[in-house]
Amino acid sequence: MFYVSVFFQYMAQYMKTKLQYRADLFVEFLSDLMFQSVNLIFILVVFGHTTLLHGWARDEMIFIYGFFLVPFALFGAFFNIWDFNERYIVRGEMDRVLTRPVHSLFQIILERMELESLVGGVTGMIIMGYASARLHLEFHWYDFFLFLLFALGGMLVYAGVFISLATISFWSDARSSIMPMMYNISNYGRYPIDIYNRVIRYILTWILPFAFVGVYPSAYFLGKKEWYGYAFLTPVIGLVFFMIAVMLWNKGVKRYRGAGN
Amino acid sequence: MDKYFEMIRIRFLMMLAYRTNYYTGILIYCINIGAYYFLWSAIYNGKSAIQGMSIEQMTTYVAVSWMARAFYFNNIDREIAMEIKEGKVAVELIRPYSYLGMKTMQGLGEGVFRLFFLSFPGLIITSLLFPLHFSSDIRTWGYFALSIMLSFVINSQLNLLAGVVTFFTLNNEGLLRAKRFVIDLFSGLILPISFYPHWAQEVMKYFPFQAISYIPSMIFTESFRGQAVINGLLFQLVWSIILLFPLQLLWKVAKKRLVVQGG
């Protein structure tokens, strides 16, 4: 209960600071929208020259991209740990975090919240709405809950991978570019998995499971029965990877010795 | 002239000190090229050619676009915006060189560095991973070299323009992001211009963006031949001259209006 109330207090505080600079916020929304449209335009232009991509139609591709935006937005809003190494380890900020009464990872999530990223999720839902209207998809009442479950699962996959990477800083404080590298790999999950060769497919399913952020869960809503098994695994994979990350984090924190002053 | 050459050299040496960052840079570029390689393979799926380009040409197009980007890409727009925000620009302006010229030379130093430490090794690695086709015609390489030089000029001019606008707006994060978006989409980096619908191609003829990535990559893959190569180079040349005018004009006004914050 304490965690929930702290969470909402931080959230309220965050909104207050952000709403002070409304023009900046507006610009940020607009530019996020633009960057999300780059991929959409890519899909639209490419399907001017082909009708099917390994059995996936244009609107199905659009749906996958729309779905992908939702867990990605949730991840962006709550797990901003790109600069964990510089911000917390090199500058010694971690010392302060450890004195707080909540779990250190939770404290960092609170501090680094970026709620404006959630707008990307709204965009995603609009894109999905457009695609499902064109595909005449039918939804049941429980699909809404599955959608939430899958979106959260996808978010946890992302969070798991990136928190695990952030914990590397506990062992080695050298700067590394592994985060941007992983970000580029994660883009692979936005496209149908069967366009890749077997090795990459395996990696995207079991090792860096970014396919569970886009294709697999979307396959359920698109009624692709052959992928249902994978689709329902989404929350499980998410939880497993997140738990591994938290375990690594706890181990890392024990090893942490302050740097700086 | 000497001092500008010196700036290129110093920036090059500065980058050299941090060269380990670039090994992962190569990997990142390979990952991106890989994603597009698989996408395009699925899109072609047995078709021998789309818009006159074979899958082999398309793969080469993607690889060379990314590697050329390493050369022409720079952050001088952000650097200028930063120096204005921090007030450093006041000191820069009293120094005995042209501020914009100095920025361009720094960008060139970075570009040359990345050409040697990212593009060349990167191109060799990608050619082992993916089926690329390199032209055996020496003239193609010559035209390509000329073309990416002009890409650098045009991209830098656009960056300088965006940077100088900061003199008026003081904070132009929005404009910088919008510019990046436009260049991502319309330079030809993610999609060759010839794939866009006809009306979009017509509109883009009146903008300089395709001079940045599309033209050099089309020359390299020999999708442009004969007169098309010359036309492409002329398009780049004309734009690199046209862009000088708004740049000079804006710079003149900007210097008069300069408000130093802090500093």
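The backbone N, Cα and C atoms fix where each Cβ goes, glycine too.
Unlike curated records, TrEMBL annotations are generated automatically.
With a threshold of 8 Å between CB atoms, the same-chain residues lying at least 6 positions outside the transmembrane segment (B:21-43) that come near it are 50, 55, 58-59, 62-63, 66-67, 70, 114, 117-118, 121-122, 125-126, 129-130, 190. Here TrEMBL flags B:21-43 (among others) as transmembrane segment.
According to TrEMBL, the transmembrane segment annotation covers B:49-72 (among others).
TrEMBL lists B:112-134 (among others) with the feature transmembrane segment. Proximity of distant same-chain residues to the transmembrane segment (B:112-134), defined by a Cβ-Cβ separation under 8 Å and at least 6 residues beyond the stretch ends, is recorded for 8, 11-12, 15-16, 19, 22, 25-26, 29-30, 33-34, 37, 56-57, 59-60, 63-64, 66-68, 70-71, 73, 221.
The transmembrane segment annotation in TrEMBL covers B:140-169 (among others). Through the fold, the transmembrane segment (B:140-169) approaches residues 68, 71-81, 84-85, 100, 103-104, 107-108, 111, 175-176, 179, 183, 208, 211-213, 215-216, 219-220, 222, 229, 232-233, 236-237, 239-240, 243-244, 246-247, 250-251, 254-255, 257-258 of its own chain, all at least 6 residues removed from its boundaries and within a Cβ separation under 8 Å.
Distant neighbours of the transmembrane segment (B:181-199): 36, 50-53, 58, 61, 65-66, 69, 155, 158, 207, 209-210, 212-215, 217-218, 223; these residues of the same chain sit at least 6 beyond its ends, with a Cβ under 8 Å from one of its Cβ atoms. Per TrEMBL, transmembrane segment is recorded for B:181-199 (among others).
Counting residues 6+ beyond its ends, the transmembrane segment (B:228-251) has Cβ neighbours under 8 Å at 100, 143, 146-147, 150-151, 153-154, 157-158, 160-161, 164-165, 208, 210-211, 215, 218-219 in the same chain. The transmembrane segment annotation in TrEMBL covers B:228-251 (among others).
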